[in-house]
Amino acid sequence: MEVNSGECSELRQEREAATIATEDFAVWWAGGRDQLEKRRELEQYFFSDPEFDDVALFSCLSYKERYEHVLARGARFIAKMRQWQAKEQSQSQQQDKDKDRVDIEQIYDFRRLMTGPLAAGLFPQSFPLRLHFAMFLPTLLNQGDEEQQRRWLARAWNMDGIVGTYAQTELGHGSYIRGLETRADYDVETEEFVLNTPTISAYKWWPGGLGHTANMVVVLAQLYIRGKHYGLQSFLVRIRDEQTHEPLPGIDVGDIGPKIGANGVNNGFLGFHNVRIPRNQMLMKNAQVLPDGQFKQAGQPLLLYGTMVYVRVVIVRDVTYQLLQAATIATRYSAVRRQSPIEPNAKEPQILDHLTQQAKILPHIARGICYRLAADVLWEFYQRVMQQVETKDGAGPLAELHALSCCLKAVCTQDALDGVDVLRKSCGGHGYMSSANFDSIHGLAAAAFTYEGEHTVLLLQTARFLMRQFTAAIKRKVLPASVSYLRNASPLSWGGNMLENAARALEISASGQLRDAWQWQQEQRQAHGRTEQQANNFAGRRLAAAATLHGHAYLARNSLEQLAQLKRSTNQGLFVLLQQLVELFVLDTFQRQLGAILKWNSVSAQQLQQLEQRYEELLGALRPNAVALVDGFDFHDRVLNSTLGCWDGRVYERLFEEARRNPLNQEAVNHSYHTHLKALLQPSKL
């Protein structure tokens, strides 16, 4: 997309008429001026490099060509990123003794680069080295003991003969990880573990980079010692030769094939046949097997799942980028596209002037911002809990963190996925073009919705936590902060603060739905004689609904709390904008959950009309700043990779340019005319 003759008149006028300073918003969004400039410098470092300007028509490549293309680019990306890091260390005069130090913040920062806007610009459908940093390294850090970290962590961080991934999900089992079938039998005589996949359903299935990229994996397998089962444990296994990359004896590994999106990931399958690894390659920070076969639990069993918690925490942030990239494309296109006169004799207006179009786009911008606020709080919570888990004080917060990360992962990915599709449809027929890039964005959002925990299972895990807290609330016990509203049994009192009304109505709805599920469980057990597990199954719909409402109630309440803090830390103009966005998000969430709210609250028609009127007022208030606002997300044109969403707004020129680049259009007559069509057009010669 080479078109660049200055911005179109519609976008220029939008930017000139805005009442906010886009740069102020961009600074806040980036976390400060230094962070913004650093990110811009890093993007310029990559996007100005001719080596990264080989923008192929990805949708026109075969599946095999896509893998080879993104792996080549990924290798260049890692090498160039290492150069960047070396320069940064040199400028900060970091001591050489720190070069091998690796911590979770460092890994998180690197992962964020690989899943955030920069990676979107370089890898529209992700790439196979991502899980090395996203899951393999965090698992080594959080589950390896000190000796294992000394041996493996720096090598893995520097990719010194190691490209890793995390192999948990199997062909026959996903979210129900206790059902995993892969076995690790300890051989006391040789002090080795023997790994096997006893059935086809036991094959590892889905890990990113596993197909043809990774040469080492962290494998979750059922541990057996002398025939006795000791539950799931993590094992570090080399699957390909370090020099030749050939699969090692007993290893059956390959790529699982094309998917509906994220086709640069190289998802793979993996089977074991009597594969032996040394005893010290079981990750032993939280559990150990001694040479004589004694099993010792060294930490909390829940820490085995720490990698999943970590990934769910950061997924919440990841999907905000995808939602807001789609919103940026739709907003700019809606300011350029003119259609359907509002007045019969008037010229066609920008479609963004239609209230119905504003309602399709602006709430998703507000949602993305508020989900980002929640993601930041969740990340801080994760860091605090990980610091506490080494002590006895960590068990309670870990349970809350697990429940909250499950809930927000489920709710936020669902809303982001739905939102991307709404935004695509808001762009009409042109939004259906691959060159608009909604297909890649939607594919990544669908992947985030799908991986690291099936949607309903995550909600039911959250519901189990909520049921325990509901029982604790009945007993007047102290509750974790995220569920403290369960102690408040007061009905909704509709006062003058509309935002507080909406947030409180959501909390009451979550409480009511939870009470309903609890009562239904009791009825199933007492009146019908069902077991606890059967009662849980019969209450599944109600429990999932309670968890969903809890997630929306938490997001609304957190947004109001963050807004109160922003009032003290932002300038007046920026705060007014953020206040409008938070208000729009809370009212939109209220309306989207209206069925449940009316079920558990007394709200009059007049009150609902007042809320709806305010909702529409907010759409009108945000309309003048819509383009300036999405400009503030500071997405580079390479990040959006969209004919509809580029900064200059030259939509039609870019659509034509992309059409002319189509391989089919490189010849006036395709050879299939002579081989097939010509004969068809001459029936007498058939």
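Cβ from N, Cα, C; glycine included.
Any TrEMBL annotation is an automated prediction that lacks curation.
Feature annotations, courtesy of TrEMBL:
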type: DOMAIN; residues: 22-162; note: domain 'Acyl-coenzyme A oxidase N-terminal'
type: DOMAIN; residues: 166-275; note: domain 'Acyl-CoA oxidase/dehydrogenase middle'
type: BINDING; residues: Thr169, Gly208; note: FAD binding site
type: DOMAIN; residues: 305-467; note: domain 'Acyl-CoA oxidase C-alpha1'
type: ACT_SITE; residues: Glu452; note: active site, proton acceptor
type: DOMAIN; residues: 499-682; note: domain 'Acyl-CoA oxidase C-terminal'
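Here the features listed in TrEMBL are painted onto the structure.
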residue	record	contacts (Cβ under 8 Å, 6+ apart)
Thr169	FAD binding site	Lys204, Trp205, Trp206, Pro207
Gly208	FAD binding site	Ser126, Pro128, Arg130, Leu131, Ala134, Thr165, Val265, Asn266, Asn267
Glu452	active site, proton acceptor	Met308, Val311, Arg312, Ile315, Lys409
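Per DSSP, the secondary structure of the domain 'Acyl-coenzyme A oxidase N-terminal' (22-162) breaks down as 106 helix, 0 strand, 35 coil. DSSP places the residues of the domain 'Acyl-CoA oxidase/dehydrogenase middle' (166-275) in helix, strand and coil in these numbers: 6 helix, 49 strand, 55 coil.
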